[in-house]
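Undergrad: If you scroll down you'll find the structure; I have some questions about it.
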Amino acid sequence: MNPEAVVNYLMEWSRQKVKEAGALGIVLGVSGGVDSAVAAIIAKKAFPENCMTLLLPCESDVVDRMDSQALVEKFNIPYRIIDLDNAYHLLSTQFESYLKCEGLKGKLLRGNIKSRLRMMALYYSAQARNYLVLGTSNKSELCVGYSTKYGDAGVDLQLLGDLLKREVYELAQFLGVPETIVNKPPSGGLWSGQTDEGEMGLTYEELDNYLASGDGSPEVINKIEGMMAGSQHKRKMPPVAMIPPELRN
């Protein structure tokens, strides 16, 4: 991969999509992870005067908060911090007052509340400014549905959606993303100790190898193909019940 050429292409692509939408710029969330770091730097390059980043802590790890702020300040990217803790606690308490799930399912439910709150904050900011919401998911995540429906998957543009995780790391090195971000285990930050690979039950190396070449152990291939099949609904618009013509007569 030619990192410089890819970055230039993504800059022009994002400008074209914003123009087509009649929008003025881009807003995105910065989490402290490598994907959002790469997306934020490219967005700033593409829209020097019309790029806004939101830091949206919600029971977030303090290291992620510090890394997020250090990144946007290093690259002189405009940002706002919107603490979602109070909104999250209010909603989760209300929801769990009538239906509470324990264990992993409970963690996933609560984590998805956080992701959807962030989506709401991003779209509020985008609509107020006539901006588009820029997603930060990579191809590896999108292919297996590793995202929250109407949460981090609720965006207008997926800048990194055709890049494998390892290719995102290549861009991160080229763009000068701080090592503190590049070297940390990828995590959605949905609960304490959560990591992408731990939740998926796969390493990104295994996933990227399969997506790039179809290679992998039988167990890995079966798992990936099962995840791809089970998450198709996340990559499609909701089905519409088409009324047969004879029922309209």
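Note that Cβ sites are derived from N, Cα and C of the backbone, with glycine treated the same way.
Annotated ATP binding site per Swiss-Prot: Gly29, Val30, Ser31, Gly32, Gly33, Val34, Asp35, Ser36, Thr136, Lys165, Ser187, in sequence order, evidence recorded as sequence analysis. Sequence annotations record features per position, and here Swiss-Prot assigns Mg(2+) binding site to Asp35, Glu141. Under the heading deamido-NAD(+) binding site, Swiss-Prot lists Arg116, Lys149, Asp156, His233, Lys234, citing sequence analysis as support.
Let's see these features in context: how buried, what's close, how far.
TA: Every protein chain shown contributes to the tally, and the Cβ of Gly33 (ATP binding site) ends up with 24 other Cβ atoms within 10 Å. In the three-state DSSP scheme, Gly33 (ATP binding site) falls into the coil class.
Long-range Cβ proximity for Asp35 (ATP binding site), meaning a same-chain Cβ under 8 A and a gap of 6 or more residues, is found for Thr136, Ser137, Asn138, Leu160, Val168, Pro186.
A sphere of 10 angstroms centred on the C-beta of Lys149 (deamido-NAD(+) binding site) encloses 14 other C-beta atoms.
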Undergrad: Hey, what's the Cβ neighbour count for Ser187 (ATP binding site) at 10 Å?
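TA: Result for Ser187 (ATP binding site): 20 neighbouring Cβ atoms inside 10 Å.
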Undergrad: Let's check the environment of Lys234 (deamido-NAD(+) binding site): how many other CB atoms sit within 10 Å of its CB?
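TA: So the Cβ neighbour count for Lys234 (deamido-NAD(+) binding site) comes to 15.
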Undergrad: Of all the binding-site residues given, namely Gly29, Ser31, Glu141, which is spatially nearest to Asp156 (deamido-NAD(+) binding site) at the Cα level?
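TA: The smallest Cα gap between Asp156 (deamido-NAD(+) binding site) and any of the binding-site residues is with Gly29.
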Undergrad: Spatially, and counting Cα to Cα, which of the binding-site residues is closest to Gly33 (ATP binding site)? Options: Arg116, Glu141, Lys234.
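TA: Closest candidate to Gly33 (ATP binding site), judged by Cα separation, is Glu141.
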Undergrad: Whole-number Å only: compute the distance from the Cα of Glu141 (Mg(2+) binding site) to the Cα of His233 (deamido-NAD(+) binding site).
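TA: Here the two Cα atoms are 14 Å apart.
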